[in-house]
Each structure stands twice: as C-alpha cells, then as structure tokens.
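Q: Below, the features straight out of TrEMBL:
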- 15-35: transmembrane segment (TRANSMEM)
- 47-68: transmembrane segment (TRANSMEM)
- 89-110: transmembrane segment (TRANSMEM)
- 149-167: transmembrane segment (TRANSMEM)
- 179-199: transmembrane segment (TRANSMEM)
- 219-241: transmembrane segment (TRANSMEM)
- 253-282: transmembrane segment (TRANSMEM)
- 302-328: transmembrane segment (TRANSMEM)
- 348-373: transmembrane segment (TRANSMEM)
- 385-406: transmembrane segment (TRANSMEM)
- 426-447: transmembrane segment (TRANSMEM)
Amino acid sequence: MSGSGIGHDQWKTRFGFMLAAMGSAVGLGNIWRFSYVAGESGGATFLLIYLFFVLIIGIPLLLTEFSIGKAGQMDAVGSFKRLAPNTKWHLTGLMGVIGGILILSFYSVVSGWTLFYLYQYVTGAYWTEPDGGFGAAFEAWTSNPVAPLFWQALFLGLTILIVMRGIKKGIEKANNVLMPALAILLIFMAAYGLTLDGASEGLVFLFTPDWSMLAEPSVYFMALGQAFFSLSIGICGMLTYSSYLKAKDRLPAATVGIGLMDTVFALIAGVMIFTAVFSYGVEPDSGPPLVFIILPSIFEGMPAGHIVGIVFFVLLTMAAFSSALSLLELPVAYVHRTLGLTRKAATLTMGSIIFVLGITASLGFGVWSHIQINGNNILDMMDNITANVILPLGGLLMAIFVGWYLNREQAVKNSEIESPILQKVWYNIVRFLVPVVMVVILFISLFDI
Ligand code: PHE
Ligand code: NA
C-alpha cells in the first residue's frame, strides 16, 4: 500500500488512538513532576501560566505534531523525509528519537521506584513509618546500587513485552484497560483528598495566584517545559502515534480531547496532592521526593491510609506505564524501519539501550552522586535537558516546519480543521505566536537562569 511505511501497523479505532495518546500524555508528569514543579514555583501563579501555555501553545502544537505524523504515515524521521524530501528537516525527528530514549531512561528509574513503593504497600512494609522515617527510607532505597535496577528492569521488561506486540495488539489493547482504570482511581483519590480537614488551604495554594510571582522569569520557563512534558509534545512520540491512524480518522476533536484530559488529570492530581500536603502541614516545595517521602507519611496518618497508598501507587505505576509505551514506541518505530530489524528485535535492542542509560541515572542517587552540575544529579540533568531544551526546541522546529516550510494550503489540509475561522486562528498561532513566544522565553531564561 502506497500510503504507509514498511509494515506500518494501524490503530483499530480512533478511540483506541485517543486512549493511547491520553495514556502517553497522562503520566508521572501529571503527578510526580507537576506537583513538585508547581510546589517549587509558587502554586497558583505557576498553574495559571501553565494553563495559558497549554491552551495557546500546547494544544495547537499537539495538532501540529499529529498533522505531520498523519500526513507522513511513517516514524519520526520517515514522516519528515516524506513531507520534505532532500532537506534536513528529518533531523527534527532524529532529535525526537534521541529525546525519547533519554526521557525513558530516567522515566523508567522513577517508574521503578513507584513499582517498588507499590510492592511495599502491598506487603504492608510502608503502612507504618520505617525506622528513621520515610525520608531516610527513600534515601537508603535510591542510593542502593542494585535493588532499584531490578525494579527499573522489571518496569522496562513489561513495557517491552507490550510494545513488542505492536500497535493494535499491544499498545492499543493495554491502554484500553489502563486508561479507564486510571480515571476511576484518580477521581476516587481526589474526592478523598477533599474530605480531609484543612483541604481548603491546599486549594488556596493551588488556585489563589500570588501576582508578584508573575515578575519571576523562571516561572514562565518552568511552566512551558511542564506544558510540553505533560502533553508529550516536541519529541515526535505523538507524531509516531498519529502515523498509525487511518485516513478517515480526523484529528482536531481528538487533539482537543487529549489536551483537556491531560490538563484535567494534572488539576485533579494537584488537588489530591496539595490538599493532603496542606492538611498535614507539610511544605509544598519539597522537590522531586514529594511523592515518595511526603505522601507516604501523610498516608500513614490517614484513616485507611494503607488502602489509599496502594491505590495511589497503582495509579502512578499505570500512568507511568502508558507513557512509557509511547516513549519506547518512538525509537522502536524508527529502528524497525531503518535497520530492517523485526519489531521484536527492535524493541529488545532499544529497551536494552534505554536500560543501560537508565542505570547511570539510578546510580546518580548513590555511588555516582558526586557527578553533579549545579546541584543536579544525572537524573535531574536528563530531565532538564529533555523537558527544558529538547522538547521546546522540537516543538519550535515543528511550528516552523508547518508554519513556514509547508505552504498554507498543505498545512491547513493536514490539520484537518474544517472551519475557516479556526483554520486561520490555528495557522497564525503556529506560524507567528508559537515561534515568538518561545524565542522570547528561551532568551529570558538564557539570560536569567
Ligand atoms: N507526558 C508524559 C507525562 O506527563 C511524559 C512524556 C513526555 C511521555 C514525552 C511521552 C513523551 O508523564
Ligand atoms: Na502529562
């Protein structure tokens, strides 16, 4: 068939695609990353700027990325090659593939922790505070050179097993189960959070902006990076997913649905976490360990806290898992085509490379903790490089590609927007607003941070 790449699989239904793309979007980013970045960047002011970026940049760019993959019908690199033959645009796809490998390397480390915490809740080990407290337990756990690698490998192994089976039989099927379950668990958790005494302080922190924070340049930078990371845009993972769509499956409504769902998840997760944090009198800016140190001690003091703990870590693991599927599929699709490997071999190869890279991030908490730049360990560096550089740069390049390289007619046609007014709005956002806003923010942050 001329319309698709070598052995290009397809989604069974558009809804299956939507669930998978939501699965990619909703992840550790919504819960673990969102809560500590929002906590460190002032809560409500950060949230407001984040929401603004999601609406004016995130969702239009998500459609931009989908439109490239759907029109290109190939992996990250191939889609650019098909739409822009004999140019260097495919390097955008290559950067995405590298970004995906890097993200999954550290993502699988944190996912390994969540799996281990889940295990500790199932066995009852963390129902009560371990000797020395949850902080010391987290330190001891993450600095152990061997045990976290086992859980990281287990998590990656499961991811490999699903991705190996392909789109329809692997990724789509898995998300059909994961996403509805995730939605139910999250609503349960947020509703429970709202019943806690003192929950309203958390809501104030999350929803009452401190306007003086608007003058703080780093807030914009962090909010933009978080918007990209949370929506999975800029590294061609979403592009790869959209390349498996059938021609008749339209993009625009699905895109808005995916963007809104990710945002709703982040908001509910924020409510769940900050109501608990404030209700138990904990500082909201405790950084990355927030979810692993603060929440367990909060769960301990809650009525039926061990159940809440189990539910929470099941939720976190499932959210991480559905994102990991998309992060692995991105490089797998690329090497599957270019190296002529079977899907199985491609998945095993990429999974192993990612595992080895992830080992460095894991050891960065223990034996290699002396390797630091500005107080950032290896995992922080991988996180910062991807979320704050590769993703925004990839998004900017895609905006320029669609807004300036393709002509208007092609760009609009690929977007599948029907209303002429919306076509105009979207096209001008992609062509002018996104590049301008992003260049300004990159500049501010270069000179300020
Ligand atoms: N969006 C995911 C999250 O919020 C992370 C991710 C980024 C997944 C980029 C795929 C691609 O956790
Ligand atoms: Na997300």
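Including glycine, each Cβ sits where the backbone N, Cα and C put it.
Automatic, uncurated: that is what TrEMBL annotation is.
Walk me through the surroundings of each of these features.
A: Counting residues 6+ beyond its ends, the transmembrane segment (47-68) has Cβ neighbours under 8 Å at 38, 79-80, 83, 206-207, 209, 214, 219-220, 223-224, 226-228, 230-231, 233-234, 236, 238-239, 242, 251-252, 254-256, 258-259, 262-263, 266, 270, 395, 398-399, 401-402, 411, 414-417, 426, 429-430, 433-434, 437-438 in the same chain.
Here the transmembrane segment (89-110) has Cβ contacts under 8 Å with residues 27-28, 32, 75-81, 83, 148, 152, 155-156, 159, 234-237, 239, 320, 323-324, 327-328, 330-331, 334, 350, 353-355, 357-358, 360-362, 378-379, 382-383, 385-386, 390-391, 393-394, 397-398, 401, 405 of the same chain, all six or more residues outside its ends.
Within the same chain, residues 19, 22-23, 26, 265, 268-269, 271-273, 275-276, 278-281, 302, 308, 311-312, 314-315, 318-319, 322 sit at least 6 positions outside the transmembrane segment (179-199) and bring their C-beta atoms closer than 8 Å to a C-beta of that stretch.
Within its own chain, the transmembrane segment (219-241) is flanked in space by residues 17, 20-21, 24-25, 27, 29-30, 33-34, 37, 40-42, 45-46, 49-50, 52-54, 57-59, 61-62, 65-66, 68-69, 72, 75-76, 79, 92-93, 95-97, 99-100, 103, 213, 258-259, 262-263, 266, 323, 326-327, 329-330, 333, 386-388, 390-395, 398, 438, 441, 444-445, 449, which lie at least six positions past its ends and keep a Cβ under 8 Å from the stretch.
Distant neighbours of the transmembrane segment (253-282): 14, 17-18, 21-22, 25-26, 29-31, 34-35, 38-39, 43, 47, 50-51, 54, 58-59, 62-63, 66, 186-187, 189-190, 192-194, 196-199, 201-203, 205-206, 230-231, 290-291, 294-295, 297-298, 301-302, 319; these residues of the same chain sit at least 6 beyond its ends, with a Cβ under 8 Å from one of its Cβ atoms.
Under 8 Å from some Cβ of the transmembrane segment (302-328) lie the Cβ atoms of residues 20-21, 23-32, 100, 103-104, 107-108, 110-111, 114-115, 117-118, 121-122, 124, 126-127, 155-156, 158-160, 162-163, 170-171, 174-175, 178-179, 181-182, 185-186, 188-189, 192, 196, 232, 237-238, 240-241, 265, 276, 291, 295-296, 347, 350-351, 354, all in the same chain and six or more residues away from its ends.
Remote same-chain residues near the transmembrane segment (385-406) are listed as 33, 57, 61, 64-65, 67-68, 80, 83-84, 87, 89, 92, 95-96, 98-99, 102-103, 221, 224-226, 228-229, 233-236, 414, 427, 430-432, 434-435, 438-439, 441-442, 445 (criterion: CB distance under 8 Å, separation of at least six residues from the stretch ends).
Taking Cβ pairs closer than 8 Å, the transmembrane segment (426-447) reaches residues 56-57, 60-61, 63-64, 217-218, 220-221, 224, 388, 392, 395-396, 399-400, 402-404, 408, 411-412, 415, 417 in its own chain, all 6 or more past its ends.
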Q: Residues sitting near the transmembrane segment (348-373): Cβ under 8 Å, six or more positions beyond its termini, same chain?
A: 101-102, 104-106, 108-109, 112, 142-145, 148-149, 152-153, 156-157, 159-160, 163-164, 328, 331-332, 335, 341, 379, 381-382
